[in-house]
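A quick write-up on the structure given underneath.
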Amino acid sequence: MSFERPQDPSSALEQATQDVSNLKSESRFLLEEIRASDLEFYESKKRFLNKDTQIHKFIKQHGSLVDNPKEAEFQERIKEDLERCHQLQVDKCTVANSLLYMVTKHLKKVQANIEALEEDGLLAPLEDDAVELANELSRESSVLSSGTSLERRKRTVAAGTLSAGSSLRKRVKKERGRSTQRDGMLSEPPSDEASSHGANFADDLQDFNDELFSLNQQEEDDKQLYCFCQSVSYGEMVACDGPNCKYEWFHYGCVNLDEPPKGQWYCPECRQEMANLKLKKKKRV
């Protein structure tokens, strides 16, 4: 594609504004795809964690020697959800890479126009910070365009996005005060449609955050420590019937059990506490 040199800065600005006129809607569409994938990902993750929790609860209640009639079905569903989560992550990388490529393409064109105007003496050279930013964006676009395979792009997009994004945010704050007039020319008042979309997005985001909090809470519960050894739940475990037991569940090996106890069972500490109470009652009598 041939490069048409701009005649003056105003024509370059007008061309750049025209080129990015659809960028907002295109970016929103891609970001909504990523968000939809995130929601589906956390739903799948919640499902397989729930199935895994049910399997472990059955083992706690009946021991590992008793067959769980639903374990095979649960394991198959867990496998399906894990595979779906993996595919969703791959799809998100592809969409994010498309968005990065789309933005970088416009930035490269703006940079080329600026360099052409500087060469023709129609534009003063950029300040040091702006030059560094332009060079950094150029390096990112080179990395993106040099990759010929999707896997290679996926490996570079994460680091590139973080690097360019963090530098851009820092420097835009510095330049914002200098470009008030230019921003006023390009900005548009928000439309009713945009406001409605923002309100719907805020509601959906709140629902998503609530689901994420619930999922994190469930994960924290799975990390609870039990037994004298203060470890997470694993293998065969037995529950103490002591009403005030501070450990609640015990691993068989830690309390010298080989099979589920018959009737009520108390841990050594609770048995000692019960014995002390009986001794105190006898002394009072």
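Just so it is clear, glycine is given a Cβ too, placed from its N, Cα and C backbone atoms.
In Swiss-Prot this protein carries:
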- C227, C229, H251, C254: Zn(2+) 1 binding site (BINDING)
- C240, C245, C267, C270: Zn(2+) 2 binding site (BINDING)
- 10-36: coiled coil (COILED)
- 1-24: region 'Disordered' (REGION)
- 155-201: region 'Disordered' (REGION)
- Y226: site 'Histone H3K4me3 binding' (SITE)
- M237: site 'Histone H3K4me3 binding' (SITE)
- D241: site 'Histone H3K4me3 binding' (SITE)
- W249: site 'Histone H3K4me3 binding' (SITE)
- 224-273: zinc finger (ZN_FING)
Top Cα neighbour of D241 (site 'Histone H3K4me3 binding') in the set of binding-site residues C227, C254, C270: C270
Env. residues of Zn(2+) 2 site, Cβ within 8 Å of mean position of C240, C245, C267, C270 Cβ: D241, G242, Y247, E248, F250, Y266, P268, E269, R271
Minimum Cα separation from Y226 (site 'Histone H3K4me3 binding'), reported as the residue among binding-site residues C240, H251, C254, C270 that achieves it: H251
Distal contacts, the region 'Disordered' (1-24) - CB-CB under 8 A, six or more residues away: 102-103, 106, 109-110, 112-114, 116-117, 120, 122-123, 182, 186
C227, C245, C254, C270 as binding-site residues, winner by CB count within 10 A: C227
Spatially closest candidate among C227, C229, H251, the listed binding-site residues, to C270 (Zn(2+) 2 binding site) (Cα to Cα): C227
Nearest-integer angstrom distance between the alpha carbons (Cα) of M237 (site 'Histone H3K4me3 binding') and C267 (Zn(2+) 2 binding site): 12
Mean predicted confidence [pLDDT] for the zinc finger (224-273): 88
Which of Y226, W249, all recorded sites, has a Cβ with the fewest other Cβ atoms inside 10 Å: W249
Any further residue of that chain within 8 Å (Cβ to the Cβ centroid of C227, C229, H251, C254) of the recorded Zn(2+) 1 site: Y226, F228, Q230, S231, F250, G253, V255
Of C229, M237, C240, C267 (the recorded positions), the residue whose Cβ has the fewest other Cβ atoms within 10 Å: C229
